[in-house]
């Protein structure tokens, strides 16, 4: 739940709850009930503060809630120390920025913004994507983040300034994107929407994970395997493997071969 600390895990669900768990025992440590589905959640840098966002549905608007775990009464009374309404466009993905000063939120309409974790004010707002942002992941040093969007692109941004740095283009919606912790490499996962999969050809290999060079924005590799859209991708912290989770019900863990590391050092 903090840097290098994996004692606790936070989950948000469409069962209208956000829950805190002990990783080792599987015991539920805290439960926060919400009025609508929880779309995103996360710990801050120190592991003391949690945030989660709820969907705009059933007459409820989208909110981001902040709880300080050092004050047990906030969870017990279901009273976040701050609750920010998002009336314009619902949040579809969100992560903490560096040092827990703000969160970075991606919206259904393609907008990105920063909310202060202290005051709740919107610090900045940009719109580089034309459609929904499905996923946001930060770089290892928290200086940059990558977005995955329904507009068939993934984009790289500066965490603090929200400056748009790079764009990675595909022909299908991008559901998830991750940055390698050791190389200038990006992995993207996606495919068309799950509801459209059955109406198109079933050509195997359509749902590859796609690798791009961070600086040159060029694709240099694809990994086949899933027979449904990829919903999430992640690099191992040591950079020697990556995992992908798909609509087909499989999580695939791929270990890079030695040439992968030689190739990077030659390049």
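Glycine is no exception: its Cβ is also placed from the backbone N, Cα and C atoms.
As recorded in TrEMBL:
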{"type": "REPEAT", "residues": "5-31", "note": "repeat 'WD'"}
{"type": "REPEAT", "residues": "126-167", "note": "repeat 'WD'"}
{"type": "REPEAT", "residues": "223-253", "note": "repeat 'WD'"}
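Residues 37-43, 47, 50, 52, 69, 75 of the same chain lie 6+ residues outside the repeat 'WD' (5-31) yet bring a C-beta within less than 8 angstroms of a C-beta in it.
Shown for the repeat 'WD' (223-253): DSSP residue counts in helix, strand and coil, namely 0 helix, 16 strand, 15 coil. Each residue of the repeat 'WD' (5-31) gets a DSSP state, and the totals for helix, strand and coil are 0 helix, 17 strand, 10 coil.
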